[in-house]
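Listed features, source TrEMBL:
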type	residues	note
ACT_SITE	Cys321	active site, nucleophile
ACT_SITE	Cys321	active site
BINDING	Gln202, Tyr229, Glu250, Asp294	S-adenosyl-L-methionine binding site
Amino acid sequence: ELPREEHYLICSPWQTIQFAEENTWKIKIAKETYLRLGDLAAPDDLQIFTDGVEYNYRNKLEFSFTTNESGMLSLGFHERGSLWKTVAVPGCALGTNSINTTAPAIVTWLQSQSITSKQMKSVIVRSNQQGQTIAALFLKDRLAFSSFPIRPPEWLGFQIYFSNPLSPASVPTELVYSDGDVTLTDDIDGKKCRYGLLSFFQINVPVFLKAVSDIGTFIEPGSKVVDYYSGVGSIGISIAAKCSELTLVENNNEAAAFAAENITRNGLKTVKVSGLAAEQEAEPITKESVVIIDPPRIGLHKKMVEVLLNKQPRRIIYLSCDLATQARDVRLLTPLYQPVFWKLYNFFPKTPHIEGLIILERRG
């Protein structure tokens, strides 16, 4: 299969693989990863879910800046393995169509401002399922602008930040400009979920909804649930109606604030938010609890594994964006827990990344 874009090796090196073959390889890689790093034998019939969409699925993209062959300011991606070399790109085939409209519009405006790529760090554009976008520009220098973008209705809001040039990351050091609404709302299983530009929110919502549905089958009515690394509450609010008690644990202040707002917006009376780090919040877990964990790529903190082994909830639902750390963590839990359900999700088509769900039941 021919790649769709010249820069495919940077963003999605599997553009050259047929989609059916990609899914087959992801199952093989997952089985090998679980066995090698977790001593875990995944089922022979391990399944991977996909909604069949190969491109235009990412609802968030971060671009750098560079100049193109014509010497014009352009969007860019860092070349793999390099912090400094940037390749000019017109957009990205993984991003939603609305992102690929908003990002070039920002470049067109910047070209009118006579600003160089070296004065800027990045632009982040985010979209929802309705095709609305929000965006933020991160500057290395404190710049003056003669005008600002005229946003079409679907581009809801735009912010400009001065970002500490000593850090390569897009950190919002100081807000320079803000226009419009800088939040988006998505429908998650019939519930309205609001989030911001920098909040953690799932990149591929349609496939995420299938994972949420699968998780929901392991939540019996009346369950007491603790949802760790909950972000803005996207998993928790979808299962809240089944829970007699639900605690969302999230130590990112912005995400925790959105989680609290989403609870209120959806009229969820049995849900509360804890702002502690996961490993510091053991109190809500009882032996009758169901625990949901959806950690970042680094997986569980050692102390979090200790919390789970000490408190021994009856069920652990572990959704992971890094099968290597998931395998490591599940291996540590297997003295007391038995995997009873496994499933993969192709959240990131045309890339090597795989999402995995393992349901663990307490032994005995």
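Quick reminder: no glycine exception, Cβ is built from N, Cα and C everywhere.
Mapped onto this structure are the features recorded in TrEMBL.
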residue: Gln202; record: S-adenosyl-L-methionine binding site; DSSP class: coil
residue: Tyr229; record: S-adenosyl-L-methionine binding site; DSSP class: coil
residue: Glu250; record: S-adenosyl-L-methionine binding site; DSSP class: coil
residue: Asp294; record: S-adenosyl-L-methionine binding site; DSSP class: coil
residue: Cys321; record: active site, nucleophile; DSSP class: coil
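The CA atom of Gln202 (S-adenosyl-L-methionine binding site) is located 10 Å away from the CA atom of Cys321 (active site, nucleophile). The maximal spread of the S-adenosyl-L-methionine binding site, taken as the longest Cα to Cα distance among Gln202, Tyr229, Glu250, Asp294, is 15 Å.
Each residue contributes its Cα atom, and for Asp294 (S-adenosyl-L-methionine binding site) and Cys321 (active site, nucleophile) those atoms are 8 Å apart. Around Tyr229 (S-adenosyl-L-methionine binding site), the C-beta neighbours below 8 angstroms that are at least 6 residues distant in the chain are Val249, Glu250, Ala278, Ile293, Asp294, Pro295, Pro296.
Neighbouring residues of the recorded S-adenosyl-L-methionine site, listed in sequence order and excluding Gln202, Tyr229, Glu250, Asp294, comprise Phe200, Asp227, Tyr228, Ser230, Gly231, Ser234, Ile235, Pro295 (Cβ within 8 Å of the Cβ centroid). Within the same chain, residues at least six positions away from the residue listed as 'active site, nucleophile' with a Cβ under 8 Å of its Cβ are Pro296, Arg297, Phe347, His353, Glu355.
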